[in-house]
């Protein structure tokens, strides 16, 4: 009986997907504090920085499924821990 109960608990945990959900920063400011909870399939935080002509460097932050490739005049930083895309 105990074995059956233990098996049911394990199956319930696997089926419910009680996994970890990543949180990333999502604002363009340098001192960004706005946090976003990523979707289950998004396991990476991204910060894309690019030159905005005479306005200086700008950044985009958010969640991603995979780390994007950098475009010309752009840097991309990817990480996989909470709020790591500062």
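Each Cβ is built from the backbone N, Cα and C atoms, and glycine gets one as well.
Taken verbatim from Swiss-Prot:
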type	residues	note
SIGNAL	1-23	signal peptide
DISULFID	24-45	disulfide bond
DISULFID	27-32	disulfide bond
DISULFID	38-63	disulfide bond
DISULFID	67-78	disulfide bond
DISULFID	79-84	disulfide bond
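Annotated features taken from Swiss-Prot, shown on the structure.
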residue : record         : DSSP class
24      : disulfide bond : strand
32      : disulfide bond : coil
38      : disulfide bond : coil
45      : disulfide bond : strand
63      : disulfide bond : strand
78      : disulfide bond : strand
84      : disulfide bond : coil
Which same-chain residues, if any, lie at least 6 apart from residue 45 (disulfide bond) yet have Cβ under 8 Å of it: 22, 24, 25, 38, 61, 62, 63, 64, 78, 79, 80, 81, 83, 84, 85
Rounded Cα-Cα span from residue 67 (disulfide bond) to residue 27 (disulfide bond), Å: 18
Pairwise Cα distance for residue 67 (disulfide bond)/residue 32 (disulfide bond) [Å, integer]: 20
Residue 78 (disulfide bond), number of other Cβ atoms within 10 Å: 15
Nonlocal neighbours by CB distance (under 8 Å) for residue 32 (disulfide bond), same chain, sequence gap 6 or more: 25, 26, 61, 86
